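Asker: Take a look at the following structure, please.
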Protein chains: 2
Amino acid sequence: MPQILSSTDADFEARFTALLGMKREDSPDVDATVAAIIADVRTRGDAAVIELTATFDKLELTPETLAFTQAEIDAYCAQVTPKDRTALELAADRIRAYHDRQKPDDARWTDDTGAELGWRWSAVSAAGLYVPGGQASYPSSVLMNAIPAKVAGVERLAIACPTPGGAVNPLVILAAKISGVDVIYRIGGAQAIAALAYGTDSIAPVDKITGPGNAYVAAAKRRVFGRVGIDMIAGPSEILVIGDGTCDPDWIALDLLSQAEHDQVAQSILITTSQAEADAVIAAVDAHLQVLERREIAGASWRDYGAVVVVETLAQAAALSNRVAPEHLELCVDDPDALLPALRHAGAIFLGHWTPEAIGDYVGGPNHVLPTARSARFSSGLSVLDFMKRTTLARMTPDALRAIGPAAETLAISESLQAHGLSVRARLNKLND
Amino acid sequence: MPQILSSTDADFEARFTALLGMKREDSPDVDATVAAIIADVRTRGDAAVIELTATFDKLELTPETLAFTQAEIDAYCAQVTPKDRTALELAADRIRAYHDRQKPDDARWTDDTGAELGWRWSAVSAAGLYVPGGQASYPSSVLMNAIPAKVAGVERLAIACPTPGGAVNPLVILAAKISGVDVIYRIGGAQAIAALAYGTDSIAPVDKITGPGNAYVAAAKRRVFGRVGIDMIAGPSEILVIGDGTCDPDWIALDLLSQAEHDQVAQSILITTSQAEADAVIAAVDAHLQVLERREIAGASWRDYGAVVVVETLAQAAALSNRVAPEHLELCVDDPDALLPALRHAGAIFLGHWTPEAIGDYVGGPNHVLPTARSARFSSGLSVLDFMKRTTLARMTPDALRAIGPAAETLAISESLQAHGLSVRARLNKLND
């Protein structure tokens, strides 16, 4: 059974706070192992990557077979059914169309002193995407990482995807091809992150690494951060559904289960103004848990981390949701637009009965890489901006320097930075000649 | 003497690569100490912060004196000279005007299936700014961190600034007041970062922490990352000047020294197409190093990390600059706009002879918190966006779901995520009733 809370209970605040504080992740401490792997790859390059791949992935590679050839890529793509290919292409088109709108504008203007100011955006030159192997090898995640990079203008986009024992997911290969990925390496783990960050003879280094991975990959990303940029370190998935008794309880139950089935430490929460809806959703979840393919995972998640919260008003529901700052927020209410202004912290919001979260995982258009573990309070989902950077621009004229230079000199002196002041003064003196 | 390179030398590529790889920072390993301090603050709250402040800052505080009172703030502000106050206000006005333009736009549109898509930006609720005490306590950095936060709409903005032995820099207090900071705590070090991240009885927790600090502060920021957002971990400052022989060599020398005087591990590089300019700048730097107040620091930086590179063309200069990806890039050339398109990786670009980098440190308008250590390849200076986050929005209609739902179901099945598929199918079935 999930936790069941009611805002009218005497101990509600204490129980809700405890729900917020629940620790779902217990990362193993793999940092020492990862540090050794990174050092090995930095020292021995290809040889280290190949050895580690033989050890961890039971796969014998050579420098020549680190990357898939174009013929191999084509052959795997040909294995994909037309139905799957069409679905993947529809998803890619929609994701591309959404992310195209995120491209930021440059700016340049002249202010009242005559100074020209502005900024200019440019793409990261090279990026690497990590794609887990095995069960968590999701073609949709390839699209969600690769398409924003290509929309941003990244010139060289590499994927690292382990193929344990040589097992390849053809859909991952096709997703990479559709997204415009330039090279796919069959390597994984901390050794793949190290190779992408530092480069080897056969693997060119990149400037930014994104994508999910296990504890070793996460620890490696933390370690190479600074040398390259990284995206967030994603935690287990979450959904919060706000209901007002107007949605089919079976739909809400399936939406809750679609997060729960990801991971036994995923979290699904329903906050509703309707006690009847709460009861009906709980019953529907239980019914589905009898037959769902991933019922063991989903059942454990629902039992250990699930929660149903009954409140008196939608305003209360919104306030509680803001405290959770969920990764995914569904507004399964009659008038979602009326509720939207009250919702401040969430990775993605799905409005109305006809928008199951799963649409956002695949074909909606927005990114499915989203902030977890309450980090929507301060961070955003993956976007085109993650593969770009901004350079600020400034150009003084003699008049502009005359107008604002003396203040710069004054502040430089107040901070005891004499050369700063002199660099301005030397130019001002020239103007006063 | 700085390193002197010429692009026509046989060993040029090797020497330039070595210059790029120079390690200037050697962070002491303070992680264990910092972990203990954070744990202590989490467990004992105010008591721990007060004890650690007594130990490290030789300052006895109580829960009541952790923050400056309004009367104290006003008294310190009254100590600032009118000249300094006017300069600080001019800087604040210009920084605010520049950052006002960075406020991002929300978007919402309907696509051809009838699906409504979009995103919405919102401010981080509460932010904390770290301001170092002592010599590196720069009022300009208060403006550069606090103003973007307030422009973003951060509601509660706290400063942590240690006051060792009770020493307070009135300009820092005034800069905080001008920027609209809500509370100033007289605490520092890892204990301040821990208090801001986790909160104590007297210090409310924040969602994002920015600002420079020593190795302890940097290690603490890395450790609390995830619990709160953080900005970049800044390294020592850098400048790269591109010259074509048209600028006064004395101006270039002062610009190079204005970075060198920050820190003996700062780095100043001139790349010029003019051998005469190279010689004249080196002579001018030497002359200033005889008399500059901070000549020991600036001299060490110039000797150990400075470089003068003579090239044949400005295109070569731009290509080398892109490899450096400098924090500050000055184009001390006759036609900076012609050179600009070739320059891809830099934190901030200063165009033309009349734009010393020091203008950007104080009054230009753009932010002076910029990516160091080649991280301009993948990251940007501080901006309003660092204090905001984006929530994506999606709303399906029955028609939209009919159009794209089946593809989502197909992909969910291909990823073995049955509940994802069922959450879409349940709705599609209703439409087919």
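Every residue, even glycine, has its Cβ placed from backbone N, Cα and C.
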Asker: What does TrEMBL list, out of B:TYR130, B:TYR305, as binding the same NAD(+) as B:GLN191, B:ASN214?
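Answerer: The one candidate that TrEMBL places in that NAD(+) site: B:TYR130.
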Asker: Among B:ASP334, B:ASP335, B:ASP337, B:ASP361, which residue does TrEMBL annotate as binding Zn(2+) together with B:GLN259, B:HIS262, B:HIS420?
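Answerer: That Zn(2+) site, as TrEMBL gives it, pairs B:GLN259, B:HIS262, B:HIS420 with B:ASP361.
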Asker: Determine which of B:SER237, B:SER380, B:SER383 appears in TrEMBL for the same substrate site as B:GLN259, B:HIS262, B:HIS328, B:ASP361, B:GLU415, B:HIS420.
Answerer: B:SER237
Asker: For B:HIS328 (active site, proton acceptor), which of these binding-site residues sit within 10 Å, Cα to Cα: B:GLN191, B:SER237, B:GLN259?
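Answerer: Those near B:HIS328 (active site, proton acceptor) - Cα within 10 Å - are B:SER237, B:GLN259, in sequence order.
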Asker: Among the recorded positions B:HIS262, B:HIS328, B:HIS420, whose Cβ has the fewest other Cβ atoms within 10 Å?
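Answerer: Looking at the recorded positions B:HIS262, B:HIS328, B:HIS420, the Cβ with the fewest others within 10 Å is that of B:HIS262.
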Asker: Which residues does B:SER237 (substrate binding site) neighbour through Cβ under 8 Å, counting only same-chain ones at least six apart?
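Answerer: Residues satisfying the criterion: B:GLN259, B:HIS262, B:ASP263, B:ALA266, B:GLN267, B:GLU327, B:HIS328, B:THR372.
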Asker: For the NAD(+) binding residues given in the record (B:TYR130, B:GLN191, B:ASN214), what is the largest pairwise C-alpha separation in angstrom?
Answerer: 13
Asker: Of B:GLU327, B:ASP361, B:GLU415, the recorded positions given in the record, which has the fewest other CB atoms within 10 A of its CB?
Answerer: B:GLU415
Asker: What are the sequence-distant neighbours of B:ASN214 (NAD(+) binding site), meaning same chain, six or more residues apart, C-beta distance under 8 angstroms?
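Answerer: Correct list: B:PRO132, B:GLY189.
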Asker: May I ask for the distance between B:HIS420 (substrate binding site) and B:TYR130 (NAD(+) binding site), taken between their Cα atoms and rounded to an integer number of Å?
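Answerer: B:HIS420 (substrate binding site) to B:TYR130 (NAD(+) binding site), Cα-Cα distance: 44 Å.
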Asker: List those recorded positions among B:TYR130, B:ASN214, B:GLU327 whose Cβ lies under 8 Å from any Cβ of chain A, in sequence order, or write 'none' if there are none.
Answerer: none
